[in-house]
Amino acid sequence: MSGYMAALYENKMMSSGENLLTAIVPLMKLLSLIVIGLVLAHPKAQMIPRETFRLLSKLVFALFLPCLIFTELGESITLQNIALWWFIPVNVLVSTVIGCFLGVAVVLICRPPPQFNRFTIIMTAFGNTGNLPLAIVGSVCHTKDSPFGPHCHSKGVAYVSFAQWVAVILVYTLVYHMMEPPMQYYEIVAEGTEIEEQPVSNVSRPLLVEAEWPGIEEKETEHSKTPFIARVFNSISSLSQTTFPDIDLGERSLSSPRSIQCLAEPRVVRRIRIVAEQTPVQHILQPPTIASLFAIIIGMVPQLKAFFFGYDAPLSFVTDSLEILAGAMVPSVMLILGGMLAEGPKDSALGLRTTIGITVARLLVLPLLGIGVVALADKLHLLVQGDAMYRFVLLLQYTTPSAILLGAIASLRGYAVKEASALLFWQHVFALFSLSLYIIIYFKLLTYI
C-alpha cells in the first residue's frame with residue numbers, strides 16, 4: 001500500500017513539474033526574442049539603427065499582422081462560430097469597465113498629479129488585446145506538450161483576432177477623447193508667451209509611439225492637441241475665449257423667426273454632433289481591421305470561403321503565400337518590443353507611487369478579477385463547452401500590460417507622452433514576471449476543464 005502511495009505521489013510531482021515546464025517554456029521563447037531585439041537596438045551596441053525597427057513595425061502593421069489575421073480567422077470563422085464566440089468581444093468590454101473602476105481606485109489611493117487622473121484610469125483600463133496575446137498564443141501552441149489539443153494555433157489566433165475590432169473602436173473613440181489635454185493644464189500653458197512648437201523628428205520620437213501605429217505624425221488634425229470637448233461643452237471664461245479660437249457651433253441668431261428657432265437643432269445635440277465629427281473614426285479602418293472584416297465576410301459565405309481555403313481551393317496559392325508572410329509576425333513583434341525596451345524609461349512626472357499603483361492594478365489585481373469573471377461566465381454556460389483555448393484567450397485579455405497603442409494616442413493628443421513611455425516600459429518589464437505567474441495558474445486551472 002505504501003509503495004502504491006509513493007508511486008502515486010511521484011507521478012503527481014512529475015505531472016506538476018511537466019505542467020510548470022509547459023507553462024514556462026513558451027514565455028522563455030518570447031523572452032529570448034525580446035533579448036535579441038534589445039541587444040540589437042541597444043544604444044551602446046548600435047548593431048541595428050532605430051530606423052530599421054520603425055520600418056519593421058510598419059511591415060508588422062501593414063503586412064504581417066493582416067496576413068496572420070486573414071489566414072487564421074478566415075479559415076476558422078463561420079456563422080455558427082460567430083454565434084458561439086459572442087462572449088469574446090463582450091469580455092473586452094467587461095475587462096475595460098473593470099479596469100476603469102480599478103483606475104479610479106488607483107487615483108483615489110495614489111493621488112497622482114491632477115492633470116494625470118484620466119491618464120491613470122486609461123492606462124489601467126485598456127490592455128494589449130492584439131500583438132502580445134497573438135505572440136503568447138503562437139508560442140504556447142509551438143510547444144510540443146501544449147494542453148490545447150489540435151488546431152491550437154488556428155483557434156487561438158482566430159479568437160484573439162475576433163476581439164480586436166472592439167478594442168480598436170474603443171481606442172479611436174473613448175480613449176481618443178479621454179486622452180485630450182486637461183483644460184486647466186492647457187490654459188496654464190497658453191497664458192504665457194506664445195511658444196512655437198518644434199517639429200519632432202523621427203530620430204527623437206520614441207519607438208513605442210509608432211510600434212503599433214506607424215505614420216502617426218500624419219494623423220494630426222487642427223484639434224488633436226487641444227481640449228476640444230472641454231471647449232465645446234464647458235462654459236469658457238472670458239480669458240479662455242481670448243486664448244482659444246472660437247468654435248463654430250452653428251448657433252442661430254436671436255433675430256431669427258420663432259418658427260425657425262423651434263426647428264433648430266437642440267444645443268446639446270449640436271455639441272454632441274460636433275464632437276462626433278472630430279472623432280477619428282476613419283482611423284478604425286487600418287490594415288489589421290480591414291483584414292478582420294474581409295476574413296469575417298469570406299468566412300461567413302461558404303462559396304467565397306471555398307475559393308480561398310482548402311487543399312483544392314482555386315486561390316489556395318494566395319492563402320499559402322499570405323500564411324508564409326504571417327509567420328514573420330510573432331518574431332518581428334518581439335524584436336520590436338526588445339527595441340522599445342532598449343530605449344529605457346523616459347522622465348516622468350507621474351510619480352513612483354502612481355506608477356506602482358497602475359502596474360499592480362493592471363498586472364496583478366485585474367487578472368484575479370478576470371479569473372472570477374471567466375469562472376462565472378463558465379458557470380452560466382456562456383462559453384464554448386470544453387474549449388480550453390477559448391478560456392485561455394479570455395483570461396489573457398485581463399493579464400496583458402497596457403496597450404502600446406496608448407503611447408501613440410498620447411503622442412497624437414500631446415498629453416502625457418513621457419509618462420506613457422515610462423509607464424509602458426516598466427509595465428512590460430514587470431509583465432515578464434506577472435505573465436509567467438498567471439500563465440502557470442491558467443494552465444493549472446484549465447487542466448480541470
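Each residue, glycine too, has its Cβ placed from N, Cα and C.
Taken from TrEMBL, the feature transmembrane segment covers 20-41, 53-71, 83-109, 116-136, 156-175, 290-310, 322-342, 354-377, 389-410, 422-443.
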**Study point:** Residue numbers, six or more beyond the limits of the transmembrane segment (290-310), whose CB comes under 8 Å of its CB atoms
**Key:** 65-67, 69-70, 73-79, 81-82, 161-162, 164-165, 316, 318-319
Practice item. Sort out the residues at least 6 away from either end of the transmembrane segment (422-443), same chain, that have Cβ-Cβ distances under 8 Å to it, and list them. Key: 19-20, 22-24, 26-27, 31, 123, 136, 140, 147, 208, 337, 340-341, 343-348, 350, 355, 358-359, 362-364, 367, 371, 392, 395, 399-402, 404, 406-407
Point to revise | Selection from 20-41, 83-109, 116-136, 322-342, the stretch that has most Cβ pairs under 8 A to the transmembrane segment (354-377) | key: 83-109
**Study point:** Cβ contacts under 8 Å made by the transmembrane segment (83-109) with residues that lie 6+ beyond its boundaries
**Key:** 77, 117, 120-127, 129, 159, 162-163, 165-167, 170, 354, 357-358, 361-362, 365-366, 369-370, 373-374, 377, 382-384, 390, 393-394, 397-398
**Study point:** Distant-in-sequence neighbours of the transmembrane segment (322-342), which means Cβ under 8 A and at least six residues beyond its ends
**Key:** 30, 33-43, 48, 50, 53, 56-57, 59-60, 63-65, 67-68, 70-72, 131-132, 134-135, 138-139, 206-208, 211, 404, 424-425, 428-429
Revision key, fill the gap. Sequence-distant residues near the transmembrane segment (389-410) by C-beta distance (under 8 Å, 6 or more away from its ends) are 85, 87-88, 91-92, 95, 98, 119, 122-124, 126-133, 136-137, 140, 148-149, 152, 155-156, 159-160, 163, 167, 171, 175-176, 179, 206, 208-213, 216, 340, 358, 362-363, 366-367, 369-371, 373-374, 377-378, 383, 416-417, 419-421, 423-424, 427-428, 430-431, 434-435, 438-439, 442, 446, 449
